[in-house]
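Before anything else, here's the structure in question.
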Amino acid sequence: KKGDHTILSTDLGLQQHRLDGDEYIAVIDEFMEAVFTRWPNVIVQFEDFQSKWAFKLLQRYRNAHRMFNDDVQGTAGVAIAGLLGAVRAQGRPMIDFPKQKIVVAGAGSAGIGVVNAARKTMARMLGNTEHAFDSAKSQFWVVDANGLITDERENIDPDALPFARNTNEAGRQGLREGSSLVEVVRQVRPDVLLGLSGVGGLFSKEVLEALKGSTSAKPAIFAMSNPTKNAECTPEEAFSIVGDNIIFASGSPFRDVDLGNGQIGHSNQGNNMYLFPGIGLGTLLSGSRIISDGMLQAAAERLAAYITEDEVLKGMIFPPISKIRDITKEVAAAVVKEAVEEDLAEGYRDIDARELQKICQNEEEVLEYVENSMWSPEYPTLVYKR
């Protein structure tokens, strides 16, 4: 009791250490088996798993169950859509994406998830060969709390290992193992500075000043960490320090910036809700038993293409949230078509795989198929908020 107030304090939950190792996996295995036994057609969305488990569990289940990890794959998909949009906003075709130099701040599950997806996107645009996949990794410089990751790093996270820069190559760029973010930005002169660090204010004045040396006439800044206090920088900081001719995106909502003279600096919010309803709906309607990389890629590319040419040249790389239902329809249609293309689609309800193939030969028909399903009494709503 304190003054006129009584304060009650209690500890919630079991007072035990969290499960780890085989015991932890056994619990998730039991959950997955139970859920898919009870609801064979369910789609499971993983979210907020620790980094050390996110990739491991994704790889464990993704080839046998209809599931995806929103932190890894959803974030990656939205980021890919934004990155492709940024290429368009720079006045270049999306096919130029493999030429982008990208500095990534953050090597957790979200950061590496985005880099993996971006690498696959580049490789796909370059012909989807083994050589293309191998060469695409050279477009990324990954920086974590200990600086630039190179092959000299001890105890390197296996998921980050493919993106460790060669020490000799880094040396020729004036960089070394552990080089700071500002050093990397200054030496690489990237087209894109991508933040998935969870560290608010990481894009300091010094880092943003360094980005002014970008070889791109319109560099892109992605401050994607959530919530707002964890954003690597604000749009006001980005536009005031780097200049008006930039592209800005964030994971949290920010107001647009008044640049004066009637000009607006657009603050694009890259929220996962642009994709995960459409990914789930498209997977359901295709009857695919898994969610493939290609289906996720198709979703991201459809989102990137949703913005008109006039909008994108003004620096808008994500559509307004008010269009979310139409975006979901478009994304779902892209997922269905890709599932058919990859011969994964088994059909849904009275639409078998053969009929679905015919539907997907016509863009309007597949959009109509999706839209009719969205209004079905058995699919009455889409979840747009987390």
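Backbone N, Cα and C atoms are what each Cβ position is placed from, and that goes for glycine too.
It should be emphasised that the depicted structure is a prediction, and the values quoted were computed from it without experimental measurement.
Annotated divalent metal cation binding site per TrEMBL: Glu47, Asp48, Asp71, in sequence order. Residues annotated as domain 'Malic enzyme NAD-binding' in TrEMBL: 72-340. Annotation source TrEMBL lists (S)-malate binding site at Asn226, Asn271.
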Whose Cβ lies within 8 Å of the mean position of the Cβ atoms of Glu47, Asp48, Asp71, the divalent metal cation site, other than those residues?
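For the divalent metal cation site, the extra neighbours are Phe46, Phe49, Ala54, Asn69, Asp70.
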Return the residue, from the listed binding-site residues Asn226, Asn271, with the maximum count of other C-beta atoms within 10 angstroms of its C-beta.
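Max Cβ neighbours within 10 Å, all protein chains included: Asn271.
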What's the CA-CA gap between Asn226 ((S)-malate binding site) and Glu47 (divalent metal cation binding site) in angstrom, rounded?
14
Asp71 (divalent metal cation binding site) has how many other Cβ neighbours within 10 Å of its own Cβ?
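So the Cβ neighbour count for Asp71 (divalent metal cation binding site) comes to 21.
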With Cβ-Cβ distance below 8 Å and at least 6 positions apart along the chain, what are the contacts of Asp48 (divalent metal cation binding site)? List them in sequence order.
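In sequence order, Asp71 meet the Cβ cut-off.
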Restricting to the domain 'Malic enzyme NAD-binding' (72-340), what is the model's mean pLDDT?
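That region's mean pLDDT is 94.
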Distance check, please: Cα of Asn271 ((S)-malate binding site) against Cα of Glu47 (divalent metal cation binding site), rounded to an integer number of angstrom.
14
